[in-house]
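K.L.:
Sending over a structure as structure tokens; questions will come in a sec.
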Amino acid sequence: MTVQKNNPLSRRQNLWRNLKRDRMLILLALPAVLYFAVFHYLPMIGTVIAFQNFRPGAGLFSSSWVGIRWFKEFFSSIFFSRLLVNTFLLSFYMLIFAFPVPIIFALMLCEVKDGLFRRTIQAISFLPHFISLVVVVGILQNFLSISDGVINQFRGFLGFKAIGFLDDPGYFRMVYVVSGIWQEFGWNSIVYIAAIAGISPQLYEAARIDGCSRFRQMIHITLPGIMPAAVTLLILHLGKMMSVGFEKIILMYSPSTYSVADVLSTYVYRRGIVDMQFSYAGAVDLFNSVINLVLLLAVNRISRRRTGVGLF
């Protein structure tokens with residue numbers, strides 16, 4: 001029996017052969033690789049400022065090192081617990097209420113037999129995704145303003161008292177979640193619609209022959225068919241559980257809603273950009289990133305063991 005040795009030369013030849021064979025795919029992937037390398041991985045060098053007393057004039061390599069001073073200062077801050085709670089609650093509410101909506105919408109849309117009507121509804125549901133957050137918040141103010149908002153004017157016409165939806169801490173989270181659902185549910189349903197389209201029609205045909213109703217077909221064929229996609233997106237969502245974008249909140253909140261609206265990202269913005277405490281803001285953001293990384297690894301591991309589906 002002849003045993004072919006896997007020497008370094010043959011491995012190198014195989015590598016070049018594979019690169020030559022897949023050169024078009026590599027060229028297609030190259031812009032994305034460069035984008036992530038330049039705008040995502042290269043900036044990670046800047047995380048060292050979390051351990052420095054960073055001064056812009058001195059730069060990364062000349063600023064003095066202070067160890068974990070900024071982390072200690074943040075952990076002992078009076079805002080620490082409030083920031084964690086607010087960030088977690090907003091992400092949790094988005095997970096509970098917003099995550100199922102695209103799945104339900106995709107299931108309902110795929111039950112529509114009229115192709116023109118289905119495409120029209122799908123296109124309309126996509127439109128809010130392309131509206132900038134500034135415009136979205138402007139729409140919210142036009143509808144929910146306590147002085148001249150459409151809803152409060154209608155309430156006044158009916159004899160009810162005006163409600164400060166944007167100024168009352170009790171309504172802020174509801175407005176944030178509902179507006180987020182409206183803006184993204186159509187766009188987020190694309191993955192599930194594609195997953196449903198990939199299910200073999202023969203499964204539905206066999207189920208109809210066996211007398212299964214459309215509801216039972218959805219339960220036993222459609223839902224299992226989109227489950228891998230749903231689990232993957234759930235892992236990604238849980239992996240950024242403590243990341244809430246600051247742009248929308250900054251546009252929406254006011255001093256009266258700080259108690260429920262102030263999250264880690266807005267705190268980093270205020271301390272880093274407004275107060276110019278770059279090292280402190282870097283420490284807070286690094287702490288947030290570490291939490292998200294731990295959550296991602298833990299959730300992926302649990303999902304891999306329980307469902308067999310994972311990112312890696």
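Every residue gets a Cβ built from N, Cα and C, even glycine.
Pasting the relevant annotations from TrEMBL:
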DOMAIN    84-299  domain 'ABC transmembrane type-1'
TRANSMEM  24-42  transmembrane segment
TRANSMEM  83-109  transmembrane segment
TRANSMEM  121-144  transmembrane segment
TRANSMEM  218-238  transmembrane segment
TRANSMEM  278-299  transmembrane segment
K.L.:
I'm a bit unsure how to read this: which one of 24-42, 121-144, 218-238, 278-299 has the highest number of Cβ pairs shorter than 8 Å with the transmembrane segment (83-109)?
P.N.:
218-238
K.L.:
Could you give the residue numbers and ranges of same-chain residues that sit at least 6 residues beyond the transmembrane segment (121-144) on either side and whose C-beta is under 8 angstroms from one of its C-beta atoms?
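P.N.:
Distant contacts of the transmembrane segment (121-144): 105, 109, 112, 150-152, 165-166, 175, 179, 182-187, 189, 193, 247-248, 251-252.
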